[in-house]
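Input: a single structure, listed below in structure tokens.
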Amino acid sequence: MARVFGSIAVLALALTVALAADHSPLQDFCVADLTGQVMVNGFACKNPSMVQANDFYYSGLHMMGNTSNALGSSVTPVFVFHLPGINTLGISLARLDFAPSGVIPPHTHPRATEILTVLEGQIEVGFVTSNPENRHISKVLNKGDVFVFPVNLVHYQRNVGNKYAVAIVALSSQNPGVIPIANAVFGSNPDISTDILAKAFQVSDDVISDMQFKF
């Protein structure tokens, strides 16, 4: 009985891990019908007879993003909205551009693990493990280096060199989602009550109000 229970537990764990990613496709492809009216977990399939090569094609990752903003960074995503051919395939890409000292602030991807490759420059990366450890794991990467951010953990990237930096990231979802921590906490609509945030961050209501005004 113990052996059978152990086998069932292992099978359940395996199924749980398998279901943690996007669902596997049931046919060769399912090009997203972005104009379809059917509401499903993802996008309905375009008629296969209407599929063209351009459904699997995207051009633009060779172009530098605009980093003239407060963060000094830019993200060029290639999600299912931009490349319908990845619908149901559980993958996506993005290009990250950084001005010197530019940063992509702490955020999470609720539906994807992320793997990053540095193309140019020197980038500090890091993520924080879950409670109770809250361990900060970070490293400075150079051209050709690769780093992975486990699914849904808070992570960030920062250009620590004196030149522009570029990275490509791959994600294990056609629509990984992004939750910038500061925006979610201080820029929610409607606002989270200032007294809740004041207690959470152990600061005054005035500090919270100022942060909410900025976001």
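Glycine residues also receive a Cβ, built from the backbone N, Cα and C atoms like all the rest.
Long-range neighbours of His155 (Mn(2+) binding site) (same chain, six or more residues apart, CB within less than 8 Å of its CB): Pro106, His107, Thr108, Glu114, Val125, Gly126, Phe127, Val128, Phe149. Annotation comment: TrEMBL describes His107, His109, Glu114, His155 as Mn(2+) binding site.
Residues or ranges marked as oxalate binding site by TrEMBL: His109, Glu114. The 10 Å shell around the Cβ of Glu114 (Mn(2+) binding site) contains 24 further Cβ atoms across the protein chains shown.
Residues or ranges marked as disulfide bond by TrEMBL: Cys30-Cys45. When Cβ atoms from all protein chains are considered, those within 10 Å of Cys45 (disulfide bond) total 21, not counting its own.
In this model, the domain 'Cupin type-1' (59-209) carries an average pLDDT of 97. What TrEMBL lists as domain 'Cupin type-1' is 59-209.
Under the heading signal peptide, TrEMBL lists 1-20.
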Cβ-based isolation winner (fewest other Cβ atoms within 10 Å) among the binding-site residues His107, His109: His107
Rounded Cα separation (Å) that holds between His109 (Mn(2+) binding site) and Cys30 (disulfide bond): 23
Other CB atoms, at most 10 A from the CB of Cys30 (disulfide bond): 21
Residues close to Mn(2+) site centre defined by His107, His109, Glu114, His155, Cβ within 8 Å: Thr108, Ala112, Phe127, Phe149, Leu153, Val154, Pro176, Val178
